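S.K.: Please see the structure below; I have some questions.
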């Protein structure tokens, strides 16, 4: 298969585009279904997120009179495009030969920042006071969780690079290959602090309780998304679904890479792990209340940051 065709398939079919959207929306449906069952309710059907997306696509997008229309409408589109690129860069498919961009951790970390930046832009473009408050909260939360995740990824890169006789590697292709020959980092005690830091980053990056502070419905009425409707709001739903798959795929690649080469084995492994992780997140979400923004900031600059620093130091000493 040619590199060009493989890239197109990766962006629009698997692992990107269609597959990522279906998996991401299905996970959101699973989250709502499991939550309902644990609370003694019937809950919505598993396909409810798909129904919501179809419904939004037929509604009208209302642009506030005081909003900047190009920025207001361009923000969700930019978020979707960034996540399409990101999900295609996580090397889980094996459908095309790796190149310097495939699995580049630095590029992926930058792309994972785009949805938060897009939400901040959307909040400011809407000129709503709730949007402005959501902007402030999103920026504070992003500043809190970015340092721990960067250091956690650095620990993985150091562990792989030093294990290969070098210093550091930011290629997910190399990280996956190293784990296939030396064992998953999930089973390596040296990497457990980095794994814990990534696990704490996961709900914050996806805006899940207790870290759904920027869009808290009962406090700021979904903040940056308050003024959005119709297809524009649908694009934010798509961005959120794709981002969930990107973060899940990145975590799997960093700590428990897929042990299969065939496409169906890859899909099965990815879906199984995604479902287990989503159920775990749902249980945590239901058992905790929302943090205040100051509590979340203090939490991240304390425990996840400490874990990430400890992981980098431990990897350096052990190696």
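Backbone N, Cα and C define each Cβ position, glycine as well.
As annotated in TrEMBL:
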- 6-27: transmembrane segment (TRANSMEM)
- 71-96: transmembrane segment (TRANSMEM)
- 102-122: transmembrane segment (TRANSMEM)
- 143-162: transmembrane segment (TRANSMEM)
- 190-211: transmembrane segment (TRANSMEM)
- 232-256: transmembrane segment (TRANSMEM)
- 262-284: transmembrane segment (TRANSMEM)
- 296-318: transmembrane segment (TRANSMEM)
S.K.: What else in the chain is close to the transmembrane segment (143-162), if you only count residues 6 or more beyond its ends and a Cβ gap under 8 Å?
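M.R.: For the transmembrane segment (143-162), the sequence-distant neighbours (Cβ-Cβ under 8 Å, at least 6 residues beyond its ends) are 105, 109, 113, 168-170, 174-175, 178, 185, 188, 190-191, 193-195, 197-198, 200-201, 204-205, 254-255, 296-297, 299-301, 304-305, 307-309, 311-312, 314-316, 319.
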S.K.: I'd like to know if the transmembrane segment (71-96) touches the transmembrane segment (232-256) in this structure, counting it as a touch only when three or more C-beta pairs sit under 8 Å and are separated by 6 or more positions.
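M.R.: These two segments touch.
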